[in-house]
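According to TrEMBL:
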- 35-52: transmembrane segment (TRANSMEM)
- 59-76: transmembrane segment (TRANSMEM)
- 96-118: transmembrane segment (TRANSMEM)
- 130-148: transmembrane segment (TRANSMEM)
- 154-171: transmembrane segment (TRANSMEM)
- 183-201: transmembrane segment (TRANSMEM)
- 221-241: transmembrane segment (TRANSMEM)
Amino acid sequence: MARFAWAEARACGFAVGLFAGLALSSVVPLPVPRYDALLLYAVALTVLFRVMRWETTEEVAVIACFHVVGLAFELVKVRLGSWSYPEDAYTKFFGVPLYSGFLYAAVGSYVCAAWRILSLSLVAYRAVPVTLLAVAIYVNFVSHHWWVDLRVPLAVLLVVVTWGTSVLFTVGGHRHRLPLAPALLLTGFFLWVAENVATYLGAWEYPHQRDGWRLVHTGKIGAWALLVTVSFVIVASWRAARERRVTGG
């Protein structure tokens, strides 16, 4: 258990660094608006992780995709009032500070690092249906503002298409197995915990937090589990393409 916890802590390195920046920026006087300082800090953190070889060049490229996908998501959700960034910044466009993309990049960094550190592999993974479902999940997070919310049916479908799929990982030289669906739900729970810390530190705020910080609704755990499915599919697709390229298959 201790070895697994250490491996997970290493995989969370970028996210921990980002949270440290959020915490420090909330108490240390800054010469520029906080969101601008966080953007510079996150870029510097990315460079540091690459220079120190804590992340590979390919991983940084994949993580950059998370940044772009996350920013597109933010532009829509903030416009629709799902959450907001109350502080002013020079690097804030349509209500969305550019640093916010790194919040999604942190999730991508964790998935990439965990895959490498724990030597993850998939058993009975149905790439095509899971990928199509991930696209539908991403679209539904936006489309439910105008149409019916398909979150519950999509969650049921996710369990169906991942039934029998397991994640194999290595800890201390021993291989372990965990069904994919519970793994996604567990990750969603920890992201919900991280979200509570992030909103407490003022990374962003939900409408019910405008008069003071309150716990994020537990229903967000399921939402995060669905959203992390999109992250998982992006990394799984990249790893599969990389393996085909390396093996010539």
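The backbone N, Cα and C atoms fix where each Cβ goes, glycine too.
Annotations in TrEMBL come from automatic prediction, not curation.
These figures come from a predicted structure and were not determined experimentally.
Residues 13-14, 17-18, 21-22, 25, 60, 63, 85, 87-92, 97-99, 102, 105, 109 of the same chain, all 6+ positions outside the transmembrane segment (35-52), place their C-beta atoms under 8 angstroms from a C-beta of that stretch.
Looking at which of 59-76, 130-148, 221-241 has the most CB pairs under 8 Å to the transmembrane segment (96-118), the answer is the stretch 59-76. Within the chain, the transmembrane segment (221-241) has long-range Cβ neighbours (under 8 A, six or more residues past its boundaries) at 58, 62, 65-66, 69, 104, 107-108, 111-112, 115, 122, 125, 127, 130-131, 133-134, 137-138, 141, 151, 154-155, 158, 184-185, 187-189, 191-192, 195.
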